[in-house]
Amino acid sequence: MDVRWTAFFTTFMPLLSCFFDITVTYKQERVCYFPERWEGEWFQSGVRQSIVIDGPRLSSKGRCLDSDGDKFLVVDDKRACYRCVVIHEKHANVLQYKETFCHPRTSLASLCSFITGDALLYSMFRVGAIPVPCPFRGPFVFTYNRGHGECRSPVSSVDACTEESRLLLSYQACPDVHGSESTVEELQCLAAWKEGSARYLVGKVHHNHATSNEDRFRCFVYEKASTKSEAIDGIEFRVAQSGDATCNGLFSATEGSRTITLKRVPSPSDCRFPSWLAGLNHWHSLDYSITYSFHHRNSTLKITNSSGFEMRIVCTQIKPTTRENSAMLLTHFTRGCESGFMCMLFQRRDIYVVEVQVGAQTKRSEDACAAPYFNKSNIPYTTLV
Ligand SMILES: *[C@@H]1O[C@H](CO)[C@@H](O)[C@H](O)[C@H]1NC(C)=O
Ligand SMILES: *[C@@H]1O[C@H](CO)[C@@H](O)[C@H](O)[C@H]1NC(C)=O
Ligand SMILES: *[C@@H]1O[C@H](CO)[C@@H](O)[C@H](O)[C@H]1NC(C)=O
């Protein structure tokens, strides 16, 4: 090789490679984006404004410079310092992270090595999340404990709403248990995942005293009853609820700010709508605006109308009637998150013609089939064909 070329290379190669290095770093800085599916607004307890993930930015912490799997090197533009943030996606609607303090710049790996096992774990919940089906559906009865003993009597109850992402919890006050109170809370399920042997649920709890996301977001650990003795007692699930809008301090389904034991409701499953009615799966009102359809082995009736209104009705008890072609039924209804009891009297007029009278709704099953909730002589008939 020509001597001049050799001189050229020895002089300029280091410079060239240095330039190359810079472009690589520059490129890395530009291509560190958070996963697109994380984009949007997030809530974190104690943080006043929503956290926004947008491209390379994690609003409260700065801009991503480098990443490796779930580890992100983030620069805080304001304070000109760097931190490692390790983010775990628990569910599309829940991110949990640990982070270092703000340090002078070093590599991602050495910065991340400052995170210790006992570092605080923060939870972020998606704002405006699309709800998910709740992992347990009512109806259940339950006992609960807010730290002053188990409130067993009167027993509280969970009702399924027609939307499977919502549950209605009706807490009862136990005279012998301090801190028990009679309230109704609606739980909207937003995320459920499994971690080791623990199952987690994140939801929003709606009740009169909940006015902010800080009051509404709650984390739950739950487990399905496992032992035989629990099964004999009718126990289906144990649930522990967090006392604040985090998942901190929740390790098992038996310790939490509030614990709940869900039991099966004594089964109404032997109650069936009569076969001359349920044998035809669908009935319509004469103007076709209302549809009655039977499901679940003739034990459940769905009433829908043309504006999308839907009511689910479960047969609870057959009442004696004197006439052969009629059936009087005590039923449990659910509409949205409302539920209660009502009485229905079906009368068969012909194979394909039935008339129904529906009583007023009440919370007490023993009232439903008696006046003033049900009075045969002043309830209008609906004809079904
Ligand atoms: C539901 O009713 C129909 C009509 O009587 C009957 O054929 C069917 O066996 C019933 N199903 C159950 C599970 O009872
Ligand atoms: C459907 O039922 C709801 C609730 O009873 C009622 O408000 C609505 O007017 C009904 N729509 C039609 C088309 O009947
Ligand atoms: C049922 O309604 C009829 C007519 O409105 C009334 O005369 C009667 O007293 C009512 N029965 C009961 C038990 O309330």
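Glycine is no exception: its Cβ is also placed from the backbone N, Cα and C atoms.
Pulled from TrEMBL:
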- 31-112: domain 'DUF7044' (DOMAIN)
- 131-263: domain 'DUF7042' (DOMAIN)
- 269-378: domain 'DUF7043' (DOMAIN)
- 1-18: signal peptide (SIGNAL)
(Q) Please compute the mean pLDDT of the model over the domain 'DUF7043' (269-378). (A) 91
Q | Composition by DSSP (helix, strand, coil) of residues within the domain 'DUF7044' (31-112) | A | 9 helix, 42 strand, 31 coil
